[in-house]
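Q: Here it is, the structure, as structure tokens.
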Amino acid sequence: MDQDREQGSALDPRYDAAGLVTAVVTDHRSGEVLMLAHMNAEALAATLESGEATFFSRSRGRLWKKGESSGNVMRVVEARIDCDQDAIWLRCEPAGPACHTGERSCFYRRIDRDGPTLVRTIEV
């Protein structure tokens, strides 16, 4: 156990072999999970400096500011890191849908336990 990393007060992310940490984004009001993405050191620094969520796109191989083309930015209300500093939690105020499909959350389908099918969820 790396006690300084796990219990200390210094931000010292534990990046994986690709230089990334997982980032979970939730709505700061409802707590709903909006999306999951990845951040490298540059994306984390840009997020903390600007107050708007920036990620590293594995498919594009570059930084990606959420909403850069759609306008659906994620204003960061609070950023947290887990106990061993390999995952980031961003509590955000979304300016629009989080998902590229237009859905509020990227997690808009549930997996039916009775078979390998996806069922669209209905917001209450």
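A Cβ is built for glycine as well, from the same backbone N, Cα and C atoms used for every other residue.
As annotated in Swiss-Prot:
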type: BINDING; residues: Asp82, Asp84, Asp86; note: Mg(2+) binding site
type: BINDING; residues: Cys83, Cys99, Cys106; note: Zn(2+) binding site
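Can you tell me where each of these features sits in this structure?
A: The Cβ of Asp82 (Mg(2+) binding site) lies under 8 Å from the Cβ of Ile88, Trp89, each of these being in the same chain and 6 or more residues away along the sequence.
Following the DSSP three-state reduction, the secondary structure of Cys106 (Zn(2+) binding site) is coil. For Cys106 (Zn(2+) binding site), the count of additional Cβ atoms within 10 Å of its Cβ stands at 17 [all protein chains shown].
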Q: To the nearest whole angstrom, state the Cα distance for the pair Asp84 (Mg(2+) binding site) and Cys99 (Zn(2+) binding site).
A: 28
